[in-house]
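Student: For reference, the structure I am asking about is given below.
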Ligand SMILES: [Zn+2]
């Protein structure tokens, strides 16, 4: 079980195979320094005001994508594909991509820099299998999320891959939980590690991944709207521009190729 029901040993090794991208720590630090200077960082050691300007909402960054593909079409259930198969395949893919995206900044997400799992002014807690609230740092929280999702998506009883094997009754609710926690991770990257993501020039990847993910969870109502409100300002900018870039109600002609690639990724 994931999430509220899930507990994993706190000492479990960190999931992210950091650091990625072949960048040395020094290079990244230099790049981060450059961005911090550029974005008028506060060098006086004072904690930034909680409601400081959200860098990730700057138009020069929100327009950055790695593709202008029409995600609204890509997330739709293709004909002849079973809904659960589609949810399983996409959820697994998002898990891998979000894990990878987090791993690029994981060396900056430490118990010191992120003492709580915070997104803007909201703090998240993990719950163990008895429902006991666990206060943890952001890297611990992300580790709980990634480890438990990894366990689920590789569990043949939950995410069956063999022909003829049925999905469990709890499948949809598990997918919902997974998506909720993956959303927290994405939101934390934006709210706490966008500067480092910029320095690595990975904000186009992050924006693209976020847009694709949000459109997917919306298409199948996988995450409560209350849960995602916290990032509504970003969602509005990223997802509405994605929708309006091509003239909407498409004929689905570009749909099948992309969709099939997706299914294969599982
Ligand atoms: Zn962090």
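Here the Cβ of each residue, glycine as well, is placed from N, Cα and C on the backbone.
So TrEMBL has the following annotated:
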BINDING   109, 114, 188, 193  Zn(2+) binding site
COMPBIAS  242-256  compositional bias 'Low complexity'
REGION    242-266  region 'Disordered'
Student: Drop a 10 Å sphere on every Cβ of the binding-site residues 109, 114 and tell me which sphere holds the fewest other Cβ atoms.
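Tutor: Counting other Cβ atoms within 10 Å of each of the binding-site residues 109, 114 gives the minimum at 114.
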Student: Take the mean position of the Cβ atoms of 109, 114, 188, 193, the recorded Zn(2+) site. Which other residues of that chain put their Cβ within 8 Å of it?
Tutor: 105, 108, 113, 138, 139, 142, 189, 191, 192
Student: Are there any residues in the same chain, six or more apart in sequence, whose C-beta is under 8 angstroms from the C-beta of residue 193 (Zn(2+) binding site), and if so which?
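Tutor: Those within reach of residue 193 (Zn(2+) binding site), by Cβ under 8 Å and sequence separation of 6 or more, are 105, 108, 109.
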Student: Under a three-state reduction of DSSP output, how is residue 114 (Zn(2+) binding site) classified: helix, strand, or coil?
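Tutor: DSSP assigns residue 114 (Zn(2+) binding site) to coil.
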